Amino acid sequence: MAPVEQDALAVREQLFHDRVRECIICALLFVSLYILCHFIITHFKKHTDFTAVHDDEDAAVNRIALGLCTFTLAVALGAVLLLPFSIISNEVLLSFPQNYYIQWLNGSLVHGLWNLVFLFSNLSLVFLMPFAYFFTESEGFAGSKKVGGPVGVPSPVPPIAGSSLTLLPQGIMARVYETSVVLLLLTLLVLGMVWVASAIVSNNAASRQSLYDLWEYYLPYLYSCISLFGMLLLLLCTPFGLSTMFTVTGKLLVKPRLLEDLDEQLSCTRLEEAAVSRRI
């Protein structure tokens, strides 16, 4: 094999190993965040929401909603921690440029994490969070029948032939179908509103007649609108939250008595004692 081919093969092998390493690191980070968010949600949730449900179908629906909410919280926590992680990794690389054991904190890893967080944040914001809400509120289409006996008795769901997996009950699948239809209609409604708003604002006739630039224009525009709404909500709620926090803190904390005059309190106590003795 020629030296040029060996060098090209070595470069491709190095790129492959770097890609595998980045995938493993991203997977470990996400699994860690998911486990942490699962403990957080299960700590703050009501015990009657997921554990004391006697219907198997409702319990399965609540478990699916819990998983979707945990995934969304993990993505949100990753988005919050991504900027400090980027800053700290850059400072570590600048402090130890020749250390072999921290060379995995490179720009490619940070860039990949940014892309994954952007993708999963859009997915959670547009699909997973509405799906979890509509899924818990759905009851199935009219005419759909449940499989199984009365409440509290597990429904006999036949397993898939040749596999260890089991099928979902028809009640859950009816809820999935209803949720998918409602989410599709909501998506069409929101996209239509965004398209009409952009057509009203823009003076270009092509924007009123075509939707071919949906992925390149309308979805980023929708994401910008949602981000603007979140920023305005944050600006409006932050002063009220701070005022409430200081009010509650002022009620809970005990004021110090270091600057009080003890002689004045003693004289007031003597006057009160004299007044009580005169009344007696």
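Every residue gets a Cβ built from N, Cα and C, even glycine.
Heads up, TrEMBL stuff is auto-annotated, nobody curated it.
Database features, via TrEMBL:
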TRANSMEM  23-44  transmembrane segment
TRANSMEM  64-88  transmembrane segment
TRANSMEM  109-135  transmembrane segment
TRANSMEM  180-201  transmembrane segment
TRANSMEM  221-248  transmembrane segment
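Scored on C-beta pairs under 8 angstroms, the neighbour of the transmembrane segment (64-88) with the top count among 23-44, 109-135, 221-248 is 109-135. Non-local neighbours of the transmembrane segment (23-44) in the same chain are 66, 69-71, 73-74, 77-78, 104, 109, 112-113, 116; each lies 6+ residues outside the stretch with a CB under 8 Å from one of its CB atoms.
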